[in-house]
Ligand SMILES: O=c1[nH]c(=O)c2ncn([C@@H]3O[C@H](COP(=O)(O)OP(=O)(O)OP(=O)(O)O)[C@@H](O)[C@H]3O)c2[nH]1
Ligand SMILES: [Mg+2]
């Protein structure tokens, strides 16, 4: 079976990538699967693209093989686009999904405009070549009480447009059909097929 390295330490993302790529008969190996642990990569960029490139290129250099990375987040209109690239650590260190979600809900108390979107930028770094970028978006709105147990991050407060359930109430298969991540992966299909 062919393999692709995915430069993520987020188990939720790793599982979503696994289930996408298995359809193409490709095995994904995340940074959580490596026997030799790799240091955390500092995400010092100011855009999703820059941070995705940092993750993909550092691991591709280290391992001298093509590497896929995902930088993603929740963009809330009423919060001027926050948490955005700061989504993973919005409530500070250490990374805490529950605290992040509560911070967003607190900031949105009494706010009528609940419009938001998940954004995912994928970077494919291939040694000796220009990095490829693909962006996927999932539009939706935020409710004020978390609902559902599936997924990760802000999924329990995010209702995708056209649905009546939160992303965390949808099945993993359904999320993988409509998410920002699947949207970006579909744009990589040509590259995936030639692997
Ligand atoms: O409810 C959610 N459903 C999703 O599908 C989703 N995708 C991203 N996010 C949020 O955005 C951060 C990414 O930050 P991020 O790209 O730096 O990733 P990360 O730090 O979690 O792992 P890594 O890939 O960097 O190792 C995550 O932690 C989450 O808070 C999501 N929330
Ligand atoms: Mg990160």
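For all residues, glycine too, the Cβ spot is worked out from N, Cα and C.
For 71, the entry in TrEMBL reads active site, proton acceptor. Positions annotated as substrate binding site by TrEMBL: 8, 9, 10, 11, 12, 13, 72, 152, 153, 154, 155, 175, 180, 181. TrEMBL lists 42, 71 with the feature Mg(2+) binding site.
Shown on the structure are the features that TrEMBL records.
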residue	record	Cβ within 10 Å
8	substrate binding site	23
10	substrate binding site	20
12	substrate binding site	16
42	Mg(2+) binding site	10
71	active site, proton acceptor	26
72	substrate binding site	25
153	substrate binding site	25
155	substrate binding site	25
180	substrate binding site	24
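The 6 Å Cβ screen around ligand 1 retains 72 from the binding-site residues 12, 42, 72, ordered by sequence position. DSSP assigns residue 72 (substrate binding site) to a strand segment in the three-state reduction. In this structure the alpha carbons, written CA, of residue 8 (substrate binding site) and the residue listed as 'active site, proton acceptor' are 9 Å apart. Look at residue 8 (substrate binding site): DSSP puts it in coil. When the Cα positions of 8, 9, 10, 11, 12, 13, 72, 152, 153, 154, 155, 175, 180, 181 are compared pair by pair, the longest gap among these substrate-binding residues is 20 Å.
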